[in-house]
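Notes to accompany the following structure.
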Amino acid sequence: MSNPDTVHVAVGVIENTQGELLISRRAAHQHQGGHWEFPGGKVEGGENAQQALARELLEEVNIEVVHAAPMTVIEHAYPDKRVRLDVWHVTVFKGQADGREGQEWRWVPRHQLTAYSFPAANEAIIQRLLDEPA
């Protein structure tokens, strides 16, 4: 990572067998609070993005990653912080989604993603999902 002030985040675009994607709502007190997002979290020291993805998805939404493929990397500057999103497409997983941190969550079809308010850094992910065949 080029800038030590950048927050490195592993993001999971989790797709179920019906082609729906898992999204969750950020708590009001968090950065970009109230917005919907694809689940994930910060990459901690000593782990790579794929390890962070597996840890965060299990902690946050009770999803155990079986297969994830790299999708894209996004760098975005908000007025108050910079983020680097390592985005993974999770197509094989174990577990039933559950907001383990009390967050609201839901499965949505790709074409309905634009009905939800996402942080600006997620716009490129959504556009890519809408451009790809389901």
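Glycine too: its Cβ is placed from the backbone N, Cα and C atoms.
Caution: TrEMBL annotation is automatic and unverified by curators.
A coil conformation is recorded for ARG26 (8-oxo-dGTP binding site) in the three-state DSSP classification, outside any helix or strand. For ARG26, HIS31, GLU37, PHE38, PRO39, GLY40, ASN122, the entry in TrEMBL reads 8-oxo-dGTP binding site.
Here GLU60 (Mg(2+) binding site) comes close to SER24, PRO39, GLY40, GLY41, GLY99, ARG100, GLU101, GLN103: these same-chain residues lie at least six apart in sequence, with C-beta atoms under 8 angstroms from its C-beta. Per TrEMBL, the feature Mg(2+) binding site maps to GLY40, GLU60.
Positions annotated as domain 'Nudix hydrolase' by TrEMBL: 4-131.
Applying DSSP to the domain 'Nudix hydrolase' (4-131) sorts its residues as follows: 31 helix, 53 strand, 44 coil. Per-residue pLDDT, averaged over the domain 'Nudix hydrolase' (4-131), rounds to 92.
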